[in-house]
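What TrEMBL records for this protein:
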- C283: active site (ACT_SITE)
- H347: active site (ACT_SITE)
- D370: active site (ACT_SITE)
- N410, D412, E467, E472: Ca(2+) binding site (BINDING)
- 275-373: domain 'Transglutaminase-like' (DOMAIN)
Amino acid sequence: MSNEEPLIVDMAYMYEKENAKAHRTINYEMIHSENPTPILRRGQAFNLALRFNREYVDETDIVRLLFSFGPNPNVMKGTRGVNTITNRDTYLTDLEAWGVRMVAVSGMDLSVEVRSPIDSPIGVWQLNVETTTLGRKEPPNTYHYEKDIYLLFNPWLKEDLVFMEDEQLLDEYVMNDVGKIWVGPWGSSRGREWVFGQFDACVLPACQLLLERSGIKAVSRGDPIKMCRAISRIVNSNDDQGVITGRWDGDYEDGTAPAAWTGSVPILEQFLETKDEVKYGQCWVFAGVVTTVCRALGIPSRVVSNLVSAHDANASLSVDRYYNADNEELEYDPNNLEGEDSIWNYHVWNDVWMARPDLPKGYGGWQAIDATPQEPSDSFYQCGPASVEAIRQGAVGYNFDVTFMLASVNADLMRWKEDPESELGYSKIDCNKYHIGRMILTKAPWIFDPNGDKDREDITSLYKAKEGTEAERLTLYRAIRSTDRAKKFYSLPEPNKEDVQFDLVDLERVNIGEPFAVTVNIKNKSNKPRTIQAILSAGSVYYTGVKANLVKRASGDFVLQPNASEQLRLTVTVDDYLDKLVEYCIMKLYTIATVKETKQTWADEDDFQVLKPNITVKIEGEPMLGRPSTITLSFKNPLKRTLTNCKFNYAGPGLARNKILPFRDVGPLEEVYVEHQLVPQKPGEQKIVATFASKELIDITGAATIEVLDED
């Protein structure tokens with residue numbers, strides 16, 4: 001038994017910056033504060049030094065490192081790690097247990113190397129150091145390390161479930177803090193720049209708060225499958241006091257319009273400060289914040305945009321439109337009183353990368369999760385992770401929510417017309433196998449093309465086989481066999497191919513302030529006259545597919561002679577549509593026609609966005625690190641009317657946190673400029689994102705890449 005009193009720890013030093021460089025966490029702002037926070041990746045060794053009140057004596061002194069996580073730390077559950085320091089040669093080879101190795105002893109200083117288990121829970125850990133002497137029966141001395149220690153997933157380590165072999169891809173899917181989200185209808189989509197800002201000082205504390213709110217148990221926070229499912233739930237506020245409240249009706253007076261956000265940081269900062277939900281978001285806002293949270297925690301993540309996205313409310317693997325005998329579309333689904341199918345012009349969710357040990361081999365890799373609250377899953381508004389390969393294969397029996405995601409990208413659009421003789425009361429008049437999931441996009445790695453589309457990557461083939469191929473049909477039929485309601489809908493006969501051909505002409509680019517036309521080409525392929533009753537219409541819609549305002553409509557009957565062709569045309573002027581546009585300026589062209597002699601019925605629709613100008617972003621001269629520079633934002637009002645309640649927003653990691661710049665009224669067709677001073681905080685290539693909003697016109701965006709010079 002030693003006569004020495006137990007050691008007293010005077011200080012523990014975590015080598016925050018040195019460890020951060022080795023762990024690829026050096027970009028986190030919390031590392032660079034006056035009192036830096038340790039941020040480490042699991043399964044990887046880190047250095048720690050202890051200073052005592054006297055010299056360490058190996059033969060008699062006992063020093064233990066106690067790492068704890070959550071409210072009730074437990075060694076067996078992996079939320080507590082106990083490590084006794086010895087001078088024996090110890091190699092940190094067991095990746096599933098805590099390990100410690102003595103590195104050096106110098107007087108009163110002791111240096112060690114520690115490694116956490118590869119399945120450690122992710123989030124804030126605490127460290128206590130216990131000291132006693134050999135044979136001593138009294139309680140040990142305890143030193144509490146006052147700082148939080150953040151432990152993150154480690155996608156660079158092959159034993160971690162989120163491991164990604166291609167390190168260059170990790171530069172995009174974990175380290176890139178500015179990206180692009182593809183929004184808008186098929187044919188007129190554009191990349192909306194978004195500041196993820198995962199290294200901002202507010203983000204990891206906000207992640208810790210939202211995980212606490214999510215209710216995910218401490219023991220489960222090392223499992224990326226459970227973590228991503230919880231993230232998909234807690235980023236929306238429908239359950240568990242989550243981060244963002246969704247709203248789609250255009251009324252945002254008591255919050256921030258979704259189109260006004262430049263990125264995730266102000267959202268997470270407000271959530272952290274107020275401990276309350278943030279108003280408001282829509283699908284791309286939810287997806288942008290999910291990307292920030294996942295990348296901050298070390299989960300490879302990307303934003304995915306599905307152009308023409310189905311919301312299958314009744315698990316039929318189809319989107320169903322119903323019409324009465326007069327060819328008028330019903331506003332409800334008579335075969336599903338619980339909800340109505342819809343088609344969103346586009347919908348945005350996330351892919352996250354991980355192994356799936358709970359599924360058969362081959363279903364790991366990219367997994368889809370969706371934080372936009374659409375349909376409950378296990379009683380919560382959450383979705384995924386759904387294996388993208390399972391979606392592609394139609395393997396709807398695998399967790400989680402594969403059926404819903406499959407319908408989003410590959411449902412058939414079925415149209416039904418009132419028919420008293422049918423068992424359902426309606427007969428199938430059309431089945432469009434190509435309309436849903438026209439294109440699935442993400443930002444291409446390593447490229448950033450402000451206001452352009454060179455950084456667009458088409459990943460449709462990852463989600464489904466090419467439309468119309470045998471493989472694509474087999475995928476859908478494989479899923480249908482496992483879905484009772486889908487079997488009922490798909491077992492009904494296809495409508496007969498008839499002898500009048502119709503074609504709704506897709507619109508090319510339409511700029512705001514320009515007229516456009518709805519055009520239908522019709523050809524009678526028979527040798528008999530055909531009497532045709534047709535309706536053409538144009539209306540404004542929300543991007544969720546919800547109708548807003550009828551802009552113009554025309555209907556009539558005419559006779560088409562044998563083998564003759566005809567073109568129907570509905571011209572829409574600026575005065576017709578300008579006051580009836582709703583946010584994002586999306587229009588729906590719709591047409592339906594019936595052939596009297598054969599009862600052939602045809603319908604089609606096309607959505608497009610009336611395009612607005614971009615903001616031009618410029619910076620004066622050659623910006624230098626730490627020196628003031630002037631940024632200029634400009635755009636031209638495309639309308640022959642005054643814009644009121646105007647404001648610019650801009651943000652860029654390493655350049656400026658979110659800045660809101662109120663601005664005067666903008667006159668008709670006026671080109672305006674606003675200048676603002678910023679001080680670059682990081683050298684090298686930096687990105688900046690800007691938005692403009694007014695009462696009359698919103699969703700004006702722009703971006704630029706700026707090279708910041710270092711004085712050295």
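In case you wondered, yes, glycine gets a Cβ from its N, Cα and C as well.
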Determine the mean pLDDT over the domain 'Transglutaminase-like' (275-373), rounding to the nearest whole number. 92
Closest by Cα to E472 (Ca(2+) binding site), out of the active-site residues C283, H347, D370, is H347
Treating G and I as helix alongside H, and B as strand alongside E, what does DSSP give for the domain 'Transglutaminase-like' (275-373) in helix, strand and coil? 15 helix, 40 strand, 44 coil
List the binding-site residues among N410, D412, E467 whose C-alpha is within 10 Å of the C-alpha of D370 (active site), in sequence order, or say none. none
Where's the emptiest Cβ shell within 10 Å among the recorded positions D370, D412, E467, E472? E467
Give the distance between the Cα atoms of D412 (Ca(2+) binding site) and H347 (active site), rounded to the nearest whole Å. 17
Between C283 (active site) and H347 (active site), what C-alpha distance do you get in Å? 6
List the residues of the same chain that sit at least 6 positions away from N410 (Ca(2+) binding site) in sequence and have their Cβ under 8 Å from its Cβ, in sequence order, or write 'none'. I436, G437, Y463, K464, E472, T475, L476
Using a 10 Å radius on the Cβ of C283 (active site), the other Cβ atoms enclosed count 28
Write out, in the order they occur in the sequence, the residues of the chain not among N410, D412, E467, E472 that have a C-beta within 8 Å of the mean position of the C-beta atoms of the recorded Ca(2+) site. A411, K433, Y434, I436, G437, K464, G468, R473, T475, L476
